[in-house]
Amino acid sequence: MAFGKLYGLPDNGRTLSVLVAAKHNDLDLELVQTQPNAAANSSAEYRKIQPLGKIPAFEGANGFTLSEVIAIAIYVTSQNEKTTLLGKTKQDYASIVRWMSFVNGEALPRLAAWYRPLLGAEPYNKKTNEEAAKVAVATLSVLEQHLTENTYLVGERITLADLFAASLLTRAFALVLAKEYRSENPAITRWYNTIVNQEAFKAVFPEPKFAEEVIKYVAPKKEEKPKPAAAAPAAAAEEKPAAEAPKPKHALEALGKPTLILDEWKREYSNNDTREVAMPWFWQNYKPEEYSLWKVDYKYNEELKLTFMANNLIGGFHARLEASRKYLFGCQGVFGANYACVIKGVFLVRGQESAPAFEVGPDWESYEFTKLDHTSEADRKYVEDIWAWDTPVTVNGESLPMVDGHVFK
Ligand SMILES: N[C@@H](CCC(=O)N[C@@H](CS)C(=O)NCC(=O)O)C(=O)O
């Protein structure tokens, strides 16, 4: 039986630090995949363990719970009475906590202030970001200096401080501590390489990434403004019938009122268990002559990096579909892991074509639309799996778990 549950994500540095410490001491932890999104982790049960809804959080098999990564990492490590990771002396132990605190409270927030805006996770301003980069590098210089004079952070052998600090720096090395930084900072680079190559580290995080260049900020595509209509030649203007019928506001308005009211389905979906109640209701009430079902998959999955960025992309796509809210319902999810994820989804669409509903979103052409057949058992299962958010997708023979997603309703 596992020693306890760890709530977090395997490629989240703070979560990783606990997994590596547990692995080093042969302690079995069950990872419960939990997004680093305080707003989403709002259940009373989770808040009892992590009052701010953040990750990681720990729940022991014996009922003991703990938040705050430093405390969790020390608690997990100290389960092995003979562990060497906590040092030999009281001074060693205090120094280990010192470096853990430094990386968690000083270095990581400054690094995140550098790379999160570049990822689009926070507002980007070129000047502010250049300043953030300088501050982050200056903070890391404390480590560079220390590691120029010492092989490890504390004492002559690897301790929890090393495993912990390297874990928290994985994202920075993958995104911003690029080749140039690494050649100018040989001590921290040498140390990081040593730590990520430790057996316990490799077992949990086999492929640490090293950025060639600092990732570049890519401004989100702006919605194209409608071009001002060219002044119609007088003759053409005169040819226009005097009282032209007003154009329907949305192309799909012309289809009239359906008997299956989309809002009714949206309420069923929102208020009931998807598999037990909502889906049976849906198939009973589905009107194939009024609606169609579509697979909506992102075309450029190989360009996706972090899963939360992919999820932001879905959020943006859905926001831009606002004008078609009356005609659409669907779920899209991110499946896989950082640097290996795909966006897939299923939509219910008014009418038999996908374009009239989706072309209101300027980025709709980044998605591939494939009509599903509601009479096919496989297609019905696919709709249910995607809308129930509980089943991995298979891509090139590989099963990719769902990480996050958005419901458009
Ligand atoms: N003080 C906490 C900080 C934990 C933390 O900030 N976790 C991040 C992920 S690394 C998170 O969950 N962020 C979500 C949010 O702030 O909404 C600790 O040291 O464990």
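The first residue you see is number 1, and the count goes up from there.
From the backbone N, Cα and C atoms, a Cβ is placed for every residue, glycine too.
Annotated domain 'GST N-terminal' per TrEMBL: 2-84, in sequence order.
According to TrEMBL, the domain 'GST C-terminal' annotation covers 89-229.
Taken from TrEMBL, the feature region 'Disordered' covers 228-247.
Per TrEMBL, the feature compositional bias 'Basic and acidic residues' maps to 237-247.
If you look up TrEMBL, you'll see 248-409 marked as domain 'EF-1-gamma C-terminal'.
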Mean of pLDDT values spanning the domain 'GST C-terminal' (89-229): 94
For the domain 'GST C-terminal' (89-229), jot down how many residues DSSP puts in helix, in strand and in coil. 93 helix, 0 strand, 48 coil
Work out, from DSSP, the number of helix, strand and coil residues along the domain 'GST N-terminal' (2-84). 27 helix, 17 strand, 39 coil
